[in-house]
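Working notes, structure below.
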Amino acid sequence: MQWRKDWEACTSFAPVPPPEHPTYDVYAVIDAALAEDAGDYGDISTNSTVPEGTQASATFLAKAQGVLAGAWVAHAVFARVDPTVQLKWLKKDGEAVQPGNILAEAHGSARAILVAERVALNFLQRMSGIATLTRRMVDAVQGTRTTVLDTRKTVPGLRLLDKWAVLIGGAANHRIGLFDMVMIKDNHIAAAGGIAAAVKATEDYQRSKGIRRPVEVETRTLDELREVLAILDAAQGQSMVTRIMLDNMTKRDGSKPAGLDVSTLHEAMQLIGGRQIETEASGNVTLETIRVIAETGVQFVSIGALTHSVPAMDISLNIQTE
């Protein structure tokens, strides 16, 4: 896609590659946001107050501590509004910023800068907020074997941008959508008639379609985990199951370290033992608890809060006419 080719020309300030997706078009997302803002009459505030032809300079200013993300997306917003506006990035994606840091400078049409301002900031603030929380989670598990993952709990239409921000923050993506990984959850298991039936149906389906996608099975109890392990043992290394999710195998307990009882999760990891299977924990994951979860030895920890309720990073754009 053209947008990915354009990103490749801007890696000096956007060095982290976006996730792969077969159909997602960032330009379409940007255009929809601009059209939503313009409505049927355009920017009547700007058009009525700023004379046509007025030139201006503007700066993106960080007003909070965090991690910058979304520079290319903000850059692309300005290019869609008016490609003659020049942006110079003084900070790059993934870089830690402090209040008062100037992130970028813009020069060009005052009208274009004002039209692009809010849409560019919306993308930049959200992506930077996600990257900031992600970096804190990643820092919290340093020294363990655990990789931090996101989930599909993203804003509709912003899936790739949300997950791109996670990558910029230093974590990894879980599946991008429904197409790139099989995830057998409780509702699939109930509809299929049990774990064994769901796994068999999944493997039969993939063979019939000539595809091979990673398969993850969700377990909520130790008994469910034992059932999955029995399937793996019987398959003698031929199962398509590549990962087991240990879902909500922790519980709040103020008497425990970080206020979390991870004894069931510990027991689950002991049951898995040395089997060659990936493990993923989810549920009750916060900045305060992620370390004790990681110390159980689990390979992945997935966190919906990285994208479903993260606060935006405070960034402003200040303009001055020339």
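Any Cβ shown, glycine's included, is placed from N, Cα and C.
TrEMBL has this to say about the protein:
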BINDING   R118, T151, R152, K153, R175, K185, E218, D247, S282, G283, N284, I303, G304, A305  substrate binding site
DOMAIN    43-128  domain 'Quinolinate phosphoribosyl transferase N-terminal'
DOMAIN    130-317  domain 'Quinolinate phosphoribosyl transferase C-terminal'
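Features as recorded by TrEMBL, highlighted on the structure.
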residue : record                 : contacts (Cβ under 8 Å, 6+ apart)
R118    : substrate binding site : D37
R152    : substrate binding site : R159, H174, R175, G177
E218    : substrate binding site : M183, I184, K185, D186, I189, M245, D247
S282    : substrate binding site : T151, M245, L246, D247, N248, V301, S302, I303, G304
N284    : substrate binding site : N248, T250, K251, R252, L260, I293
Next item on the list: Determine the C-alpha span of the substrate site listed in the record, that is the greatest distance between any two of R118, T151, R152, K153, R175, K185, E218, D247, S282, G283, N284, I303, G304, A305, in Å to the nearest whole number.
Entry: 41
Next item on the list: Quick one: average pLDDT across the domain 'Quinolinate phosphoribosyl transferase N-terminal' (43-128), no decimals.
Entry: 98
